[in-house]
Structures are given as structure tokens and as C-alpha cells.
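Take a look at the structure set out below.
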Amino acid sequence: MALAQAPGSGLQWVELTVFILLFLVVSVMGFVASRWRAAASLDHLDEWGLGGRKFGSWITWFLVGGDLYTAYTFVAVPALVFGAGALGFYALPYTVILYPIVFLPALRMWSVSRSRGYVTPADFVRGRYGSPTLALLIAITGIVATMPYIALQLVGLEAVLRTMGLNGGGIAGHLPLLIAFLVLALYTYQSGLRAPALIAFVKDGLIYIVILVAVFYLPSKLGGWSHIFDTSAQALSQPNPNTGKPKGSILLTGTNQLQYITLALGSALALFLYPHSLTGVLASRGRNVIKRNMIALPAYSLLLGLLALLGYVALTAGVKPITNAATGNADSNTVVPVLFDTQFPSWFAGIAFAAIGIGALVPAAIMSIAAANLWTRNIYKEYLKRDATPSQEAKQAKIASLVVKFGAVAFILFIDPQFSIDLQLIGGVLILQTLPAVAIALYTRWFHRIGLIAGWAVGMAWGIAMLYSIPNPNTKRAHFGGSALPLKDLSIFGWHPFPGSMVQIYPGFVALIANLVVAVIVTVIARSLKIFNGTDDTEGTDYHADEHDKDLRPIGAAH
């Protein structure tokens, strides 16, 4: 059984053929999805943007799993383990603690959204506080945080295309990527959320097969896990030529343990604040569907843990990242694709690449739909056309989803992909600042809306400032060099509470604490001055509504 040619030796025709065939299959599924479980018309956000709000347990499991565990996750997590060691495993505990944390809030969000016809988290904030301004800030934050996330799916897809020999620069070099995203844009425009929901079955099935084969086949080929860990420890202990320090470690060190904890916790708190994550929840049929999924989704975390180990497998296999022909820099995201390319038979490498490639299309579709819903409901309808009909909303969302996708493509075509990675780093910190207004508001309205706006502004500004101050000696970048802030550099109006400390922390977590402190202080002041806190359109019973309640708002009703 012939193995694939070495990466960079020209087009890998067998891999490319298998990849194209599977891509064509899911493209057909994307167009057919418009008739799958469809209502009489898709001209309503409930139908186009939320799949009719009637997805059952299996569909939701594949949809949410396909949304949260993206192509970029599948190439970036093992790439981080490949480059830094144990720190890359932060993705595992964060996806484990995520589900117990969001179990109850997700139920309340589904219930109040189903009762009131909310499509986005900003809809909920608008209804909870009667504040178009606060809702606008939440919507803008969601869109800004989502855009680079979509671009990163392209980064993951490009890593696969590059490994198969499609590694050119300029428009021509990006042509396969453009074709893939054009097809994605067309079937998402036609089918809405039903397209990624149906395709997610194929994507997740392929991913499970590929990863399970990889974690059993590759170690047996490379001398077993004991040899892999020993070799990886030696490779990571080698000095980095740019810093003179070890490249990484297979165990956490005294300086990065706090960062590991806060990064995992902060990421867990942030993930379901992303609008695309909530889209999968709101598309569910009922509370029991969400309960089952919060219990079953950790199966993906097991898969992610196995996937992360492939970073060590790549170290043992002597993988060298492919150089990006457009930038001249090594593309670390090609680590796993190159591993598959050199170690698997060509036909199976093609299946693996298709799994990653399709893994880019599913979340990109959901993210673009979520961003389009935010634009349509919380900016277009709120500020530009208050009397928009449900049909006009749906048409506006379809157009917005196209704009979002091609905006993400423009990121890749005209800007260094590293900029998308930087923006995604910022996006994670930004979306975390919506936690008080979205998640805490599900339980209490104690915070004043002015306090929430003030806390949001402080958290955003300080979070970006901290990220800006972080250098990366490995890439010789002076700013936005990562998410590890040494405590010695933590400054509060010029005061350094931890002088000389090299212990690192996640800036988003620090920014969230500042956000909450400011929100509390301003709330106390606003309450003492008896400043009006808006009107709450929700009722206590809204947060416990379920699918069989008789007085539920009809799906597809005007908002």
C-alpha cells in the first residue's frame, strides 16, 4: 500500500481526488438540505437562521459538536502541542468543564428565547434591559469576535490544501479556497442552518474515524506511546534559537500553570457566549434535547484529547511544517496534515484531509449565519428598518451571511493570515466581556445597564491593551504575541502589584474581573441615584418554558 509522496513534491493526486469527491458529496447535501425538515417557507429567521427550532438530540449533537470543534481546532491544538508541549492541552480541560458550567444557563437561554422569539443573545439583552444601546454593543462584539473565527476556518482549510500541493500565492494560489467558499456561500444562502446541520453528520463521522485510526495506527508504526513521549520530551527540551530557552515541556512549569488554569476557565466561560455556539442551542427542539447534549458532548472532548497527542506523534515522526509560498514563513498549522500525508496511505490521507476541510465548512456556515442574525435583528431591524417583515429579515440575513463569508475570504487574500490569528486572540477576550450582560442576566437583573456598559468598556479596553503589550520572541513580534501575560507586566494605573513575577496569566480573565468590579461599582452608584434601569420584557415563567407548553409563541411568528 503506497504512502503519500513527501509534502512539497507537487500535487498529491490521489489525496486531491478523494478530497474533491467527498467535498462534492457534502456540497450536494448542502443544497438538498433546503428541503430537509423544511417548513412551507424559509423566509423567516426561525426557519432559515435556526432550522425551524426543531432539531432533536442527534441532530443537535452533531450540529453543536461540528460547530465547537472546528477545522482550526483540529490543526491548531496539536500544532500548539507540537511547538510548546503541555500548554496545548488547555483545550481539553476547558471543553470538559464547559458543559457543567453552561448546563443550566443554556436551558434558561433556550426557554426565554423560545418564549419571546429571540434569535440572538443581543435579542435577550434588549428584552431583559430594554436597552438598544447595550444590545447594540453585544451584537457588535459578537460580530467582531466571529469574523476572524470564520477566517481561521480558512486557515485550517488552507493548511490541508497546501499539504496536497496547492501552495501558491496571490489570487490564483487561493483559487481552490475561493471555489470552496463560493459553494459554501451558495448552499448556506439557500438552505440556512439546515445545511451545516446535515453536513455535520458526515464531517463528525469522518473526524471520529480518522482520529481513532490515527491514535492506534501511528503509535504502533512509530514505536509506541512510551517512545513518543520520550522523544517529544527530548525535542521540546532543545533550546529555541530565538530565545535560548527550551522550546517547551511535556509537563507544565511553575510559570505557566496559572495561565493554563485561567486560559481553560476563561475559554470555557467564553465559548457559549459566541453567537454561533448559542445558535445551535436555540435551534434545539426543547430543554431535554439540551440536557442530553450537555451530557453527550464531552465525547468530543475525548476526541480532542486524542487529537492533541498527535502533536507529540508529529515530533517523533520528524514532521517539518510546510513553508507558505505567499509569505515565506513556515505554516505551523500544516503539522497534522503533513503527519497524515507522510504516514498514511494516500487514499486515507485524502479522507483525513476531507474531514478537516469539511470541518472548516460546517462551523464557517454556522458562524456566518449567527453573525447575519445579529446584524439583521439587532442593527438592521433596530436602527435601519423597524417595520421590517419576517421575510425582509430573512432576505437581509441571507445577504449578510454572504458579506460575512467573503469578508473572511478577504482577510486571507489581502492580509497576512497571522493577523486573523491575532484578531481571534482578541476576539476571545472581547466575547468574554459580554458575560455579565448575557449569562449573569439570565439569573438576575441586579446589574444596572449603565454599569454593564461601563464594565464592558473597561474590560474591552484593558483586555486589548494587555494583549497588545505581549511580545513573542519566537516570531520577533513586539505586540499581540500570545495570551500569556507575566504578572510582573500587570499594571493598574501604573501600579505593578506583582513586581518581578514571571508567573503568567490569561489577560481575558483579568479583563473580566475588571469588568465585573466596574459593573458592580457603577451599579451601586446608579441605584443610589435611582437612575431608571429599563423595562424587563421577560417574566419569571419564561425561563422555565418547554416545548410542550400550550402558550408558547408560534414558530415563525412576527417579532
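Along the chain as shown, the residues are counted starting at 1.
Note that Cβ sites are derived from N, Cα and C of the backbone, with glycine treated the same way.
Because TrEMBL annotations are produced automatically, they should be read as predictions rather than curated entries.
Annotation comment: TrEMBL describes 12-34 (among others) as transmembrane segment. Away from its own ends, the transmembrane segment (12-34) comes close to residues 4-5, 42, 160, 163-166, 180, 183-184, 186-188, 190-192, 194-199, 202-203, 206, 341, 346-347, 349-351, 353-354, 357-358, 361 of its chain (Cβ-Cβ under 8 Å, at least six residues beyond either end).
Sequence annotations record features per position, and here TrEMBL assigns transmembrane segment to 55-81 (among others). Using a Cβ-Cβ cut-off under 8 Å and counting only residues 6 or more beyond its ends in the same chain, the transmembrane segment (55-81) has close neighbours at 87-89, 91, 95, 149, 152-153, 155-157, 159-160, 193, 196-197, 199-201, 203-204, 207, 271, 276-277, 279-281, 283-285, 288-290, 292-293, 296-297, 300, 303-304, 307-312, 314, 332-337, 356-357, 359-360, 362-363, 366-367.
Feature annotation from TrEMBL assigns transmembrane segment to 134-151 (among others).
Among the features that TrEMBL reports, transmembrane segment is placed at 171-189 (among others).
Within the same chain, residues 22, 25-26, 29-30, 32-33, 36, 51, 55, 59, 62-63, 65-67, 69, 74, 188, 283, 303, 306-307, 309-310, 313, 317, 339-340, 343-344, 348, 351-352, 354-356, 358-359, 361-363, 365-366, 369 sit at least 6 positions outside the transmembrane segment (196-218) and bring their C-beta atoms closer than 8 Å to a C-beta of that stretch. According to TrEMBL, the feature transmembrane segment maps to 196-218 (among others).
Under the heading transmembrane segment, TrEMBL lists 260-283 (among others).
Feature annotation from TrEMBL assigns transmembrane segment to 295-315 (among others). Here the transmembrane segment (295-315) has long-range neighbours at 57, 61, 64-65, 68-69, 73-74, 77-83, 88-89, 91-92, 95-96, 99, 207-208, 211-212, 214-215, 218-219, 222, 228-229, 231-232, 235-236, 250, 335-336, 338-339, meaning same-chain residues at least 6 beyond its ends whose C-beta is under 8 angstroms from one of its own.
Under 8 Å from some Cβ of the transmembrane segment (347-376) lie the Cβ atoms of residues 4, 12, 14-19, 22-23, 26, 45, 48-49, 63, 66-72, 74-75, 119-120, 122, 139, 142-143, 146-147, 149-150, 153-154, 156-157, 159-161, 163-164, 180-181, 184, 188, 192-193, 195-196, 199-200, 202-203, 206-207, 209-210, 213-214, 274-276, 278-280, 336-337, 340-341, 393, 396-398, 400-401, 404-405, 408, all in the same chain and six or more residues away from its ends. Taken from TrEMBL, the feature transmembrane segment applies to 347-376 (among others).
Among the features that TrEMBL reports, transmembrane segment is placed at 397-415 (among others).
When Cβ-Cβ distances below 8 Å are used as the criterion, the transmembrane segment (421-443) is approached by residues 105, 108-109, 112, 121, 124-125, 128-129, 134, 138, 141-142, 144-149, 151-152, 155, 266-267, 269-270, 272-274, 452, 455-456, 459-460, 463-464, 467, 480, 482-483, 507-509, 511-512, 515-516, 519, 543 of the same chain, each at least six residues removed from its ends. Taken from TrEMBL, the feature transmembrane segment applies to 421-443 (among others).
What TrEMBL records for 450-470 (among others) is transmembrane segment.
Taken from TrEMBL, the feature transmembrane segment applies to 505-526 (among others).
Note: the stretches the transmembrane segment (505-526) and the transmembrane segment (260-283) are in contact (3+ CB pairs below 8 A, sequence gap of 6 or more).
Recorded stretches compared: 171-189, 260-283, 450-470; the one with the most Cβ pairs under 8 Å to the transmembrane segment (397-415) is 171-189.
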